[in-house]
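What TrEMBL records for this protein:
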DOMAIN    43-294  domain 'G-protein coupled receptors family 1 profile'
TRANSMEM  27-52  transmembrane segment
TRANSMEM  64-88  transmembrane segment
TRANSMEM  100-122  transmembrane segment
TRANSMEM  143-165  transmembrane segment
TRANSMEM  199-223  transmembrane segment
TRANSMEM  244-266  transmembrane segment
TRANSMEM  272-293  transmembrane segment
């Protein structure tokens, strides 16, 4: 009987969920989501383009910014097809392998963003606390090593998660709670013991964001201490201004992440559509806002983007 109640792992099909209780309005709700995707894709592509094109932006700070933009771009592309497919075409079906692949990239790029934010915090720490050694510490080779270590860490963390999800058996109730594949959501549908999967999921979180966040906080404690030791108020203000964009990027990544966790844990009385909308918006907040923040707050990026836009207008 147990075997009859389980679906074959290779042939199982999951059903994604749109906005519960708001099916009639999904097409209209999808319009702002579509606009957010457009802003995220175009904004991060522009940041990548100007950093690669402009020679004066070939510095450690902007290399890390290009890593952040590449991560945000990839994170947006991970959920674009399934989210808009569900909202526009009711394309809810997704196979197990496709679901696991999306889960791998979705969580992997989320953890990668956390790692890049930590690398950017280290960049600001060296620039402010030890400026004379900045160019010797953050060489191109060192930056490449940091980028590779972030990538390798995420692959090493996510591979066991994926492999153990593949070992699960699923019952007939295979309706997911979101318009994309989320690890916790997926393993809760399993008919078999998922304790190892839960442990691996928690390990993945604590070894990435759980490690990165305290390190970022520590770096800013040291930065603030160093800035306060600067004699002139003008010097202190200049030093703080170099950190504003990064502080904003950290806030818009971690605050929604913590808020979403609190809502999932304590917001049981909230309507189901609130959880779904928040889960979708959380994934779009950093990719949408990061390019805007860096374009507004970073003079060199703003000038480079303006230069590119003017050149395009002249060509037209």
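Just so it is clear, glycine is given a Cβ too, placed from its N, Cα and C backbone atoms.
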Long-range neighbours of the transmembrane segment (199-223), counting only residues six or more past its ends (CB under 8 A):
107, 110-111, 114-115, 117-118, 121-122, 124-125, 128-129, 153-154, 157-158, 160-161, 164, 183-184, 187, 239, 243, 247, 250, 254, 257
Mark yes when the transmembrane segment (100-122) and the transmembrane segment (244-266) have three or more Cβ pairs under 8 Å (sequence separation 6 or more) and no when they do not.
yes
